[in-house]
Amino acid sequence: MEPILRADQHKEADIRTSENGIPSLVLMERAALAVVDVLEEEEFDLSDVLVICGTGNNAGDGAAIARILTERGYGATVFAAGDEKKYSEQMKTQMMVLTHYPVKVLRGDFPVEGYTLIVDALFGIGMHRPVTGNYAEVIEAVNDSDLPVVAVDMPSGIHTDTGAVCGVAVRADLTVTFTTGKAGLYLYPGAAYAGRVLVRKIGIPVEKDMLRECPLFSLDETDLKLLPARNESGNKGTFGKVLVIAGSEEICGAAYLSAAAALKSGAGMVKIYTDEKNRTALATLLPEALLSVYTSKGWKPESLLENLKWADAVLIGPGLGTGEISKKILTTFLKSGWKKTTVIDADALNILARHEELISLIDFPVTITPHLMEMSRLCDYSVEEIKKELVYVASKAAEESGACVVLKDARTVVALPDGRSFLNLSGCSALSTAGSGDVLAGMITTLTMQHPDLPVPPQALAVYIHGKCGELAAEKYSAASATAGDLLEFIHRFL
């Protein structure tokens, strides 16, 4: 688990480090060394590097990068895009040092030919106002070039905390960022401008009080070690019984995918509660699952209540429909007194959005898994507003509702009522296919049922694994051809 600090927290960490006796010029040198090391590791053509500098400390990093490149025998030119009267003290020092090195410093018109690589050191973190004038022209010229671009800390013009484009922004092939990742590098549209992101430590400690104030984290494959080994002496009851309340008349795909994912994620038993007309298809597709069926005309609450007595966890909503019988099923469930693991997904969320009086019946811990449109129906934000403030909207919803909110997008956010949020960095466009969310819902249900007390939320681990399954499916079938069912064959790689 890695923190993702805000821009103001990074600045505070810089200040604290300087107050603890490490001068900012030392940190600048470390940052520059880290970038040059990456340039060498990535085997860029460094015969003639153009480093574009603004006026602040990010520009100072750039000037130091140019100097170190020449020290290592490469060619470097600095294009000074900013007014030297506005240079920070550190930038002034770095530019003065450059006078003793064979580094050209250019001003005026942007040079467009003869270089092998562009290093973007215009703005760095903290960008929040629109880029205009000369800076905008420089960024457009960078983007119009055919050269590879490496950004220092942030692509210039990208908002550090939201990923928004501040008018115009550098499109980098690679971003080398320092201390921790930044949300703006991972959230779209910023992620599309950042290219590949590498985090490098340069000796700026993230102190414990800052971690308490840091509401956003990311996971990686090392966090999967938190999942305990499967009990070799266990039985199917040991590993939990999941009731999947899903599907509607002759609509069984979502029920199959979510139930299969719950089984593949380690549930001991899975029962599907669904319409009678889905019996044959589901029995054929997933013989490992139990079936309990009802008819729309003859549905009785008792049939659901008896199944709830059997279960340790409930997933409700995939393919359920939003008609009257579906509303009755959801209402009966919410009034049943059930208090165990619950995941509310898809059509169950749509029913809640249409019948807000049902929301007051949720007086027990739940996980909700909306995509952007479902979230828009549940709250007062448009899809466009949610996309711009993904972390904020998820966090606010979790705080106000007391639910774990899994807000699904290209970067899914898992927000907890305690204020922590987790930004998922796994996955690819292979997940943008019908049924992908049903698979995720089944995975979340099993992992949340089995591992409620992990240091990181099991919902976030499920989202991470789901993303990795998408990556593997894309490798095998291509991102365009992979289907939700293909995700199922890769779950075992991570559990």
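Yeah, the Cβs are placed from backbone N, Cα and C, and that goes for glycine too.
The shown structure was predicted, so the numbers you read here are calculated from the model rather than taken from an experiment.
In sequence order, Gly54, Asp120, Leu122, Phe123, Gly124, Met127, Val131, Tyr135, Ile139, Ala169, Val170 constitute the residues six or more apart from Ser156 (K(+) binding site) in its chain with CB-CB distances below 8 Å. Marked as K(+) binding site by TrEMBL: Asn58, Asp120, Ser156.
Annotation source TrEMBL lists (6S)-NADPHX binding site at Gly124, Ile125, Gly126, Met127, His128, Arg129, Pro130, Tyr135, Asp153, Ala254, Gly319, His371, Asp438. The number of other CB atoms found within 10 A of the CB of Gly319 ((6S)-NADPHX binding site), across every protein chain shown, is 24. Annotation note: Gly319 ((6S)-NADPHX binding site) sits in a coil segment as assigned by DSSP.
Counting only same-chain residues six or more apart in sequence, the Cβ atoms lying under 8 angstroms from the Cβ of Gly437 (AMP binding site) belong to Pro318, Asp345, Ala346, Thr369, His371, Lys408. Residues or ranges marked as AMP binding site by TrEMBL: Lys408, Asp409, Ala410, Arg411, Thr412, Gly437.
Annotation source TrEMBL lists domain 'YjeF N-terminal' at 10-210.
Summarising the annotation, TrEMBL assigns domain 'YjeF C-terminal' to 219-495.
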Arithmetic mean of per-residue pLDDT over the domain 'YjeF C-terminal' (219-495): 97
Nearest of the binding-site residues (Asn58, Asp409, Ala410, Arg411, Thr412) to His128 ((6S)-NADPHX binding site), judged by Cα-Cα distance: Asn58
Env. residues of AMP site, Cβ within 8 Å of mean position of Lys408, Asp409, Ala410, Arg411, Thr412, Gly437 Cβ: His371, Leu372, Leu407, Val413, Asn424, Gly427, Leu431
Distance [Cα-Cα, Å, rounded] between Gly126 ((6S)-NADPHX binding site) and Asn58 (K(+) binding site): 11
Lowest local Cβ density (other Cβ within 10 Å) among binding-site residues: Gly124, Gly126, Pro130: Pro130
Minimum Cα separation from Arg411 (AMP binding site), reported as the residue among binding-site residues Pro130, Asp153, Gly319 that achieves it: Asp153
